[in-house]
Each structure stands twice: as C-alpha cells, then as structure tokens.
Amino acid sequence: MIRPVLITVFCMIYSAFGINIDLFEDTPRRDLTFIELADYDGFTAEQHYVTTEDGYILGLFRIPLNEKCTTSKGTILFMHGLYLSSDDCLVPGPGKAHCYIYSDQCYDVWAANVRGNFYGRNHTTLNPDKDSAFWDFDIDEMATRDLPAIIDYVLMESNETQLTYVGHSQAVTILLILCSKKPEYNANIKVGFGISPTAWLDNSRFIVIQLQGVLSQTFPNSILRKEILKRGGIVQEPAKFICSVSGISYPICSGVYFALLGYNQFQITKDVLPVVLGHAPSGTSVKNFLRWGQIHNNGFREYDHGTIKNLIIYGSRTPPEYDLSKVTMPWLFAGSHNDYVANVTDINLLMTKLPNSSLCVLSDTTFGHLDFLFGKDIPNYITPILLSYLDTGKYVCP
Ligand SMILES: *[C@@H]1O[C@H](CO)[C@@H](O)[C@H](O)[C@H]1NC(C)=O
Ligand SMILES: *[C@@H]1O[C@H](CO)[C@@H](O)[C@H](O)[C@H]1NC(C)=O
Ligand SMILES: *[C@@H]1O[C@H](CO)[C@@H](O)[C@H](O)[C@H]1NC(C)=O
Ligand SMILES: *[C@@H]1O[C@H](CO)[C@@H](O)[C@H](O)[C@H]1NC(C)=O
C-alpha cells in the first residue's frame, strides 16, 4: 500500500524538476537473506540454529573455511548492533565486508543474531506475532542467555577453546555484561574487537538516543512487550524503496539516514546504500529500545525499575553499575571523532574501567557510526587493525 504512494510522490517531485528516474535500477542484493547474499557473492554459507536456555531460537550463520585455505587461522564470531543483524557483515560485498575479508584471510567465520531481530523471531513455545511475553527482554537477556548459547555452540562446532569476537556497538555492550556477570566466559574470548563500542552514552548526539532518553521513564509492560523497527515494517519498507529508486535519491537518503549517525563523506557508496536499507533496521523489543534511553540517562547501569522496585531488587534507589573489573578479556576498540553514537569521550571512560583495553581513534575524522560496517574504507581502516593484531600481536592505528 505505502510503496506505490511513496514512489508516486517521489516521482512527481522529481519529474517536476525534469529529472528522469530509472525505477528499475538494478539492486539485486537488496532483498537477499544471509545465505542468499553469500551465495550471490560467491561464498558458501551454512544455516545453524542455537536455542537459548529460555527457548529463543536464534539464526546463526557460518562461512566455513575458504577452499583456498589449508588451515584455519582461528574462529571469528561477528555480532551485530542494535536494530541490526548478521547481514551487516556481508552488506558492502566481497573485499569490503567484514565477514568476507576474514574469510579471505583463512578464518572460520560465524555471524550471529540476538533475540528479536529478523533471524531471532522464533521460540520453542512462544509466538512472536501473538505472545507479548516473547518481547519481554533487553540487553541483559542478550548478554546472559543469547551470547553464552552462541559462544558455546560456535566453540563446540569449530572444536576450539577460544574465539575472536568482532562486535559493533551494542554487541560490545552485551559481551561486557556477559563477562561481568559470568566471568568464566573471559577465557573463551581471545580478543574482542569492538568497533564503535557503546557502554556509556553520556555524550551521544544521536537523535534517537536523545529521544529514548526522554521516553525511558517507567512504562507499563503492555507497552514494553512489543516489537519495534522490524525488518519489513513501516520504517524499513519505505526507506529501502525510496532509497533504491534512483541515484537521485542517494544524496537525500545518505544525508537524512546517516547524517543522524555522524555525517560522512559518502563512505556508504551509492551501490551499497540500497543494500543497507534492505537489511536495516532489523527489529528489537520496545523494552530494549527504551533501555538504551536509560543508559543515556543513568550511565552503564543495571535495568532501572523505578525507585521503589530498585530498592527491593538492588537495595538502592538507582541501579548499580556493571562491575567491569571482572571483564579481564583483552579489548581492542576502534572509534571515530565523527561517531554520533559512540563518542570517543565515552569510550575513554569505558576504558578506565576495563583491565585490558586499547583504542584506535581513526585519523579520518569523517567516519560515522555505520561506516564501521558499511563504509568503503573498511578494508583500509578497520579490518587491518584486527588482522594485524591476530597475526603479530601489534597493529598500527590508521
Ligand atoms: C524456527 O526454528 C525451527 C527449529 O530450529 C526451524 O526449523 C524453523 O524453520 C524456524 N522458523 C522460522 C520462522 O525461522
Ligand atoms: C578437536 O581438538 C582437539 C584438540 O585440539 C583434537 O585432539 C581433536 O582431534 C579435535 N577434534 C576434531 C573432531 O577435530
Ligand atoms: C591483555 O591481554 C593480553 C592477551 O591475553 C595479554 O597478553 C596482556 O598481558 C594483557 N595485558 C594486561 C595489562 O593485562
Ligand atoms: C563528543 O562529545 C563531546 C563532548 O560532549 C562533544 O563536544 C562532541 O561534539 C561529541 N562528538 C560527536 C561526534 O558527537
């Protein structure tokens, strides 16, 4: 319904300026799922399922060791950020996307999903379309239930004792919480490569986070237990359509969508943008959406239930901070001065709490929050940091 209307409006506006729109521009990768994308791009991918102890069934993908490789250099697990999915590590395409680059370098590559996103809408007993209880979760459950199930599964299948974790944004947050709450997992992570890492958001300028901050006051469960920003929903459908209509829409989409996350010098190129919008957003729960508002307001603390319940549960009016002294695994962070979500000031605060972490701040000061996933300079700026660290224990910040 909404598609034809939007396209018509769009075409009317542009034709009024005498601009010819090619409605059938070729965007074959836009609507492909993980397996289909990998296949289209000339890679092999396997579908796996992980079931958490509370019954969530999560889609997990593997790009098995590249045929060109005789031995595996190790296991890399990619985890996506808020509203996103495993597909992020394929979207920019061969030679440019995280998972393809690691596969080319002879790593056994896995890409996971957390509960509630496009590949995480499945459960042994609950129906995400009918049961509101399905949506009663936030980063704490992703950290303490999804991640252990995923990590255990990947280590078992790859017959390894340790993996390298590549996490964007919220993916860093949840591994921090896991290693704080279940410190035995520190031993399973060789290194965490945190790109655009988030924990404190005191200095985040991203407008959605500001909004979440305002909205995050205590809400009834009837509101919290719902789905938001799902793939194929009212935000993603029109965005992906408008933004793949024509090259003319590119500056507008690029501007509106990504200026919000940090203006970039079109790191996300014209061919990649429609593919991004075909795969993002990918959905989460309202409770998780608002949880990020709490973090913006309160700092990196446990769930805020409101004063009375906090007193009962935590024995204090405000929730306690996560104990990051227990996160002993090594972290390698990459940040940018133009990231409107993960501000370098906030990353530095996080690092003061972590026993073993270091940070590369990119010298390219235009790099934005999503450029760490979709930018054309990933193979120049981002992946070499990790690959060099894994090969030699050293790296040079770009
Ligand atoms: C849900 O999980 C089951 C069991 O792993 C799987 O067979 C099924 O295809 C999944 N359904 C969806 C909609 O993903
Ligand atoms: C798993 O790893 C252990 C120790 O590295 C090795 O002895 C064993 O043969 C491996 N098993 C498989 C199935 O590869
Ligand atoms: C950080 O972790 C690395 C890898 O495990 C280790 O070699 C190094 O000694 C650690 N550094 C500190 C300060 O703990
Ligand atoms: C990061 O935070 C500082 C201090 O609040 C602010 O001046 C700067 O503009 C922020 N950077 C971005 C990219 O939002």
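Heads up, residue numbers simply count up from 1 along the chain you see.
Cβ coordinates are placed from backbone N, Cα and C, and glycine is handled just like the others.
What TrEMBL says about this one:
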type	residues	note
DOMAIN	36-88	domain 'Partial AB-hydrolase lipase'
ACT_SITE	Ser169	active site, nucleophile
ACT_SITE	Asp339	active site, charge relay system
ACT_SITE	His369	active site, charge relay system
Next on the checklist: If you count CB neighbours within 10 Å, which one among the active-site residues Asp339, His369 has the smallest count?
Outcome noted: His369
Checklist entry - For the domain 'Partial AB-hydrolase lipase' (36-88), what does DSSP give as the number of helix, strand and coil residues? => result 8 helix, 19 strand, 26 coil
